[in-house]
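S.K.: Okay, so TrEMBL annotates it like this:
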- 446: active site, proton acceptor (ACT_SITE)
- 663-681: compositional bias 'Polar residues' (COMPBIAS)
- 714-732: compositional bias 'Low complexity' (COMPBIAS)
- 140-676: domain 'Choline/carnitine acyltransferase' (DOMAIN)
- 776-847: domain 'Choline/carnitine acyltransferase' (DOMAIN)
- 480-502: region 'Disordered' (REGION)
- 661-740: region 'Disordered' (REGION)
């Protein structure tokens, strides 16, 4: 074991020798810190001149605990911090950077000692504020069944032929006459005492997704560059982002983060409690989310190697300054390049997180069961970290290259060895990625959080990096936080408690089996990356300001642009998806906006036909108004997708119950640490624990997607197999994809399927079936219309603000496009991905349309027609969509 690597030392973590720790350390720790501070040598760390065993007593391997429910969290709030006062001379400047303005009108009478907080002291005087409105939020309503079916038919009508639609209408009528009302009543009963009627079903659909999460589930944000060019080098930018991220962590833990609001209406803040210290951990029966609520350390990845060090004390205050972090990060960079690239590639265990989940689960078991190995401790350190910081050696120059790097990394082979950044990731956790040229982004695990939540995190972090730099120039400059962490350089080192700020390298004990698995996983990942392409459009001709000046909704306008570009290339419309945020409700996530309507189809035909400008604009206005109305309904949780998915999941649950009654050996649990809150879990009716749901681990995510990734995971589980080489069926019909356990026969009745164990990397399974006859699959779910609505070709999501340069995700189907976009005041940023479906041509068609529709709008504007004919009342709509 290396004790010292260089002047900038990194302790190599082998087996943590906790038993070697002596009581002597507690008495000499403060002395060591004083000696270090006196020496003040550049790059010097505590490992220099200190016996190694003294450090191991700091290396406490923190095990996961079950996440607390929000009710428990609220019941055990931290004591309120010292009241602070503030003022608001920079309100306007900050509102440009933030996704929402400060929720309190700041007072300008008193200045803070170290700057002026943007939030008034009154928000702190009554205790924590972050979750203060949770118990006042309404529960997600269950829509009326008849209205849901009407909206379902309306969504399918423009996508079907008259004959197909007639068959779907028949299926819906049968559903309303037979199983529908009974399932509706059962759903209402199930929802009693729960935070959300769909929450557990939704977590099941995510966590039972077996294909790789990279390119399939995890989205990315690309941050704008630091406005100060001198700070756009890798180490400086990374240290600055980490400090701001830790201030955000501190604000969440101390419940000082002001709640999100829209028009003074608070939104659900539950997801913020699941953002840090969490990991998606694969098991044989699906993944589970595990969380260390007291996590104090971060993981740093460089050249595929793992390092860790503590960054917070037990009070969630920072123990390191930005300069200290820079020294640690530079030390890690210097150490990582000492390992030959061939050796680094062999030990890049992060690529295992890109494997199929069952494969990754088996490999984790191998890593953890090796006797005499420290792999279990290393995995525990990685999984329990606050987040992962990825330091890449590359310097992407184009927007498309940057987007690819943030989404899936690069694949570059040199002498048969992978040297791309794809090996420098760990996709089971929140990741902050910083390139050598300072370009930075975020890649996040999507199970417990949606884009709106991570957008708040990203925008606050970006804003704080600017404000902190401003305070180095003017100490009275404002701060984003209600209170800030005490300056670590002015604290008594003894007050830090039991922490270890020294970088430690994780050394894995790699058996031949694991080494081969790493090689195969990297090869497979390179294939997956090669199957996808990315193009960006940074449209600078106009943006929100021009669109609104024409009396149109910006989001609806851009949604029509995607349909028009596709129609111009292929002469038809396809199923299009956009998520609408439902965080007005307790534990709200998203609802699906089905953007293709009769009105939008009419606009496509009118625009591409030989029609006058006035007719085109009138059709556009009508289509946009229809989109706004749908978005408003979806934000009120009055869409059709989530409701129907819950009904299907409930039917699945009942089918599993009957299957279990006939064959108890099929019973299993879903392996998820349920995040149900406000006492819901204690009701004894949790989906995970309910005796009537033995088969929930194989619940299909076939019904409706909550956003682009929901669509992706559902379609892949429904048979959209082009995403990876592990899928085996091309049919998305629920008659054939009721999970590995439930498959209806030709008569619509279900047989029980017993899957055999498959070999690593082999998606095919030899199965045997024995008949277990019970209620047939409701016709509405067996009808091809259900399949049609869940085959998304244009998966879109509007998520961003001025702190982001781009945002995106992978395509949800093999013949579709993944479209992330940001509508700014005077520009529109679009990132498009596909599996080589002429992505550049689609982007060019989109740009051409945007220019042409502006010309048409200007013609009608000069004729005085803008604003006539019943303008679009988009301003009354809720936030259109978030990933």
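Every residue gets a Cβ built from N, Cα and C, even glycine.
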S.K.: Per DSSP, how many helix, strand and coil residues does the domain 'Choline/carnitine acyltransferase' (776-847) have?
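M.R.: Computed counts for the domain 'Choline/carnitine acyltransferase' (776-847) are 19 helix, 24 strand, 29 coil.
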S.K.: With DSSP as the yardstick, break the region 'Disordered' (480-502) down into helix, strand and coil residue counts.
M.R.: 7 helix, 0 strand, 16 coil
S.K.: According to DSSP, folded down to helix, strand and coil, what is residue 446 (active site, proton acceptor)?
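M.R.: Coil, per DSSP.
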S.K.: Can you count the other CB atoms that lie within 10 A of the CB of the residue listed as 'active site, proton acceptor'?
M.R.: 25
